[in-house]
Amino acid sequence: HTRTKAVKYTSPPVMVQRNGAAVRSAAVANGHVARDADETSRLLPNGPDEEYDKPVWDGLTEFEHLPFWRRPSIFWLMGPYAIFTLAFGGVIVPKVTLILDLVCNKHFADKAAADPSFHASPVLGADNPQCNDPAVQRKVAEFMLVMNLLTGTLSAISAPKLGKLSDRFGRRRLLAVASVGGILAEVVTIVAAKFPAAVDYRWLVLGAFFDGLTGSFTSGSILGQAYVSDCTPPSKRAVYMGYLHACLFTGIALGPLLAGYFIKVTGSVLTLFYVVLVCHATFATFVGFVVPESLSARRQRIARDKHSKERESRAQSAQPWLSTLRNSHPFEPLAILWPTGPGTSPRLRINLIALAVTDAVIMGSMISIGAVVILYTKYMFDWDTFEISMFVSGLSSIRVIVLLGVFPLVNYWFRVRPRRRRERETGLAYVEKTSGADNVDIWTLRAALLSDTLGAIGYSLAHSQPLFVVSGMITAVGGLGSATIQSAITKHVPPSSVGQVLGAVGMLNALARVVGPVLFNGIYAMSVKTFPQAVFVMLLALFSVGLLATLVVRPHVVWEHENEAPEALRTVIAPSMILRLASRQPRQFTAQNISASLTTQRFNMSTNAEIKFGPFPVTKQVRSCPFTDLAHRAHHTHILRIGKFTFVLTHAVHQVFLKTQHSFGVVNLKPILPGHVLVCPLRPHRRLTDLSAAETADLFETVQRVQRMLARVYFKTDRPEDGGSFTVAVQDGPESGQTVPHVHVHVIPRVAGDMGEGEAVDEIYVKMASEEANVGGALWDVTRRPEPGGGMPRVEDACREPREPADMHAEANMYKEALERV
């Protein structure tokens with residue numbers, strides 16, 4: 001590190017994950033990266049027998065330092081969710097039966113009041129054949145229609161708001177809030193059942209009000225799915241969401257069975273509702289105070305900042321009242337399903353609308369048809385509560401088997417096995433990223449809806465109990481649909497919008513919960529005397545619409561959000577990202593063969609290559625330039641453009657010597673002077689004013705720390721002012737000479753005469769405004785030589801000589817050791 005005249009700089013910065021030593025992950029086209037490594041460890045298997053057991057995913061990077069009991073996981077949620085769904089499933093049939101008994105009791109009481117000679121009083125909790133009267137059935141259907149209408153309307157308003165709030169304030173506590181309405185609803189039910197003579201059954205509407213006010217089942221579902229989306233890689237997301245659905249169907253399968261035996265043993269329906277109340281309270285307490293939060297504080301802050309900027313933008317608009325009105329109408333949450341602006345496309349909008357509509361059909365039909373099926377089987381086949389419970393339990397058991405047994409096998413066969421095969425062939429680990437629904441998602445969804453359609457046909461034609469049961473088992477296979485579709489929707493949007501888009505989907509589900517009962521209960525009430533199967537004809541029509549909607553969904557369509565895509569690039573790794581490759585048999589690595597092979601996720605590799613990941617502006621392929629000379633010195637080097645990202649393959653370099661919470665320091669490939677380093681924010685920002693207060697403070701505190709370290713190394717003192725001077729400069733914007741849109745601070749130790757004899761001290765600013773100080777390194781050679789800004793003269797640089805990687809590595813290690821002593 002002797003002083004030489006005007007040694008020039010073109011090295012791109014490289015950020016490492018922990019202690020300046022390890023590259024956490026790197027993103028490349030189609031998702032291949034190296035795994036965790038330090039500067040000496042291999043990033044690839046040592047041989048063909050070494051397993052790639054897990055794909056790389058950066059979604060939980062911010063939780064890695066926490067103990068296991070504070071890390072979010074779907075398995076934290078499954079236990080309490082199973083208790084909740086067990087209570088939910090156990091109370092379905094008894095609650096419908098209770099409502100039937102209460103309405104029937106009121107109906108015959110009124111009839112007895114009108115005719116004193118009439119005596120027929122039903123007994124709560126017992127089988128009452130007289131309640132199969134069509135008039136009673138009609139009143140029950142109409143009353144349940146009112147309850148569902150109220151709950152659905154309120155859920156449609158509150159569910160999307162809770163979903164959007166969860167993006168800013170976390171999932172778990174709002175999930176607990178969503179269950180409070182269920183607790184209050186059960187309290188009202190207990191009071192109405194305990195005092196039927198004093199409390200009219202119509203007070204149950206108050207319970208429906210409380211349930212809908214907190215989002216009901218809809219909010220619980222979308223917040224649970226959002227939690228799973230936060231802590232699950234995309235390739236396993238559908239399976240893990242299927243686990244939650246399996247918990248639901250397990251509760252629906254075992255709940256009625258256990259409830260039926262419980263009622264027989266205790267002889268009381270009311271006691272069951274006390275147990276359900278305790279289950280609801282246990283769920284809310286555990287989720288609210290024990291389950292770890294899945295959304296990191298940083299991501300919550302990003303969402304809050306985004307929300308604040310949107311509000312400020314509306315306030316500063318020419319007509320703020322109009323903007324406020326436009327964003328506060330009841331259907332405003334659905335706007336996320338029709339996104340516009342950068343990163344969106346017509347195909348994205350079509351996919352989101354088609355998936356959302358299909359999910360509304362599936363969930364709305366599942367929720368709305370259940371009560372009608374109970375009434376239908378009691379009317380047509382004279383089933384009692386136990387027989388109905390067995391039927392519902394059988395359907396749910398098939399769904400659980402499909403979700404826990406068949407679905408993971410489908411995922412393994414069509415996702416995991418092909419991924420492992422690609423990893424063996426390429427030698428690269430697979431990185432998880434949000435890239436839209438894939439073909440597995442789409443075909444699984446189509447198969448599920450086809451099963452639902454065939455089952456609905458069977459329901460419509462069934463006039464015997466065996467055929468009706470078989471048709472129900474066929475529809476049970478459709479349980480794959482909801483888990484698949486909700487997973488697919490989250491893969492279309494940036495992470496900060498998952499809660500919002502699921503909230504919009506929840507709003508459609510809630511609206512379907514309003515419209516569904518109107519259709520199903522209304523049709524059943526009108527046709528029960530003449531053609532009771534009419535309700536299943538409507539079900540068939542809806543499933544057919546959902547199946548047709550899936551035909552327009554296309555794979556790998558995603559919202560390319562500028563600030564978040566890919567997440568690893570924006571928040572974990574600086575603008576340049578490294579992937580060190582190792583091949584047992586080195587092969588030619590050209591821009592032509594990698595461009596073709598990246599499309600199929602299969603390509604040849606060269607020994608000790610490195611992928612540096614942009615984005616950098618590129619409009620054409622590499623041509624002859626000084627960087628090409630460097631490339632030939634470091635084996636084969638090529639640059640190619642894939643979408644908006646640039647891939648540069650060159651010799652591996654370890655340059656980072658310091659990383660703080662928001663910043664990192666990096667040595668130079670071609671420093672202007674010895675000791676010339678850069679300090680950059682971890683998150684790429686174009687302008688200095690784009691940094692947050694915390695990032696700005698950390699950036700310049702890091703600059704001061706680096707100054708003290710460099711003073712010890714070059715001035716042999718801990719006080720910079722005692723041994724020499726520093727040039728500390730920021731080129732803020734292209735007119736100032738900034739050639740790469742990423743804020744960076746030059747820190748350069750200065751001594752008298754360091755620019756050479758006859759050169760002015762401020763000549764360094766000319767150097768900084770020229771090509772030699774390009775933070776993007778030699779990447780400017782991809783398109784054209786940058787024009788120096790700020791009125792500085794252009795500096796030609798035909799004889800630049802880069803340092804060897806070993807020298808740079810040694811310099812970085814020297815700085816690391818010096819930092820330990822500062």
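Just so you know, glycine gets a Cβ as well, placed from its N, Cα and C.
Listed features, source TrEMBL:
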- 74-93: transmembrane segment (TRANSMEM)
- 143-162: transmembrane segment (TRANSMEM)
- 174-197: transmembrane segment (TRANSMEM)
- 203-228: transmembrane segment (TRANSMEM)
- 240-263: transmembrane segment (TRANSMEM)
- 269-291: transmembrane segment (TRANSMEM)
- 352-376: transmembrane segment (TRANSMEM)
- 388-414: transmembrane segment (TRANSMEM)
- 467-489: transmembrane segment (TRANSMEM)
- 501-523: transmembrane segment (TRANSMEM)
- 535-553: transmembrane segment (TRANSMEM)
- 644-757: domain 'HIT' (DOMAIN)
- 742-746: motif 'Histidine triad motif' (MOTIF)
- HIS744: active site, tele-AMP-histidine intermediate (ACT_SITE)
For the transmembrane segment (240-263), which stretch among 143-162, 174-197, 203-228, 388-414, 467-489 has the most Cβ pairs under 8 A? 388-414
Go through the chain and flag residues at least 6 beyond the ends of the transmembrane segment (269-291) whose CB is under 8 A from any CB in it; none is fine as an answer. 72, 76-77, 79-81, 83-84, 86-87, 90-91, 94, 97-98, 124-125, 172-173, 175-177, 179-180, 182-183, 186-187, 189-190, 193-194, 259, 262-263
Tell me the Cβ neighbour count for HIS744 (active site, tele-AMP-histidine intermediate), meaning other Cβ atoms within 10 Å of its Cβ, over all protein chains shown. 24
DSSP helix/strand/coil residue counts for the motif 'Histidine triad motif' (742-746): 0 helix, 2 strand, 3 coil
Short question: which residues 6 or more past the ends of the transmembrane segment (535-553) have a Cβ under 8 Å from it? 350-351, 354-355, 357-358, 361-362, 364-365, 369, 372, 376, 437, 442, 445-446, 449-450, 452-453, 456-457, 459-460, 488, 519-520, 523-524, 527
Quick one: average pLDDT across the domain 'HIT' (644-757), no decimals. 78
Hey, does the transmembrane segment (501-523) touch the transmembrane segment (143-162), meaning at least 3 C-beta pairs closer than 8 angstroms, sequence gap 6 or more? yes
Interface present between the transmembrane segment (388-414) and the transmembrane segment (501-523) (three or more C-beta pairs under 8 A): no
Name the range, of those listed as 74-93, 352-376, 467-489, that has the largest tally of Cβ pairs under 8 Å with the transmembrane segment (388-414). 467-489
How about long-range neighbours of the transmembrane segment (352-376): same chain, 6 or more residues beyond its ends, C-beta under 8 Å? 92-93, 96, 100, 137, 140-141, 144, 148, 217, 221, 337-339, 388, 392, 437, 445, 448-449, 452, 478, 481-482, 485-486, 488-489, 492, 501, 504-505, 508-509, 511-513, 515-517, 519-521, 524, 532, 535, 539, 542-543, 545-546, 549-550, 552-553
